[in-house]
């Protein structure tokens, strides 16, 4: 019989917010299509939404400075 898999750990949602006094600040980018509550994953050259698949590419600062 196969060994049982361990329980999968989820990410802590509290890592996505910063609380200062009475204000709450989101630390990650929010998907413009899905709205508040759906954060976008940050990759090397883009931001991606895992829910709807929306992509937003980062500006290449090296290419802009060379022009």
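Using N, Cα and C of the backbone, Cβ positions are placed for all residues, glycine too.
Here the structure is a predicted model, which means the values were calculated and not measured.
Ranges compared are 9-30, 31-52, and Swiss-Prot records zinc finger for 31-52. Residues 31, 34, 49, 52 make up the record's Zn(2+) site, and a Cβ search at 8 Å around their centroid adds 32, 33, 35, 38, 40, 50, 51, 53, 54 from the same chain. For the binding-site residues 34, 49, counting C-beta atoms within 10 A of each C-beta gives the highest total at 49. Regional average pLDDT for the zinc finger (31-52) in the model is 94.
Cβ neighbour counts within 10 Å, taken over all protein chains shown, single out 31 as the most crowded of the binding-site residues 31, 52.
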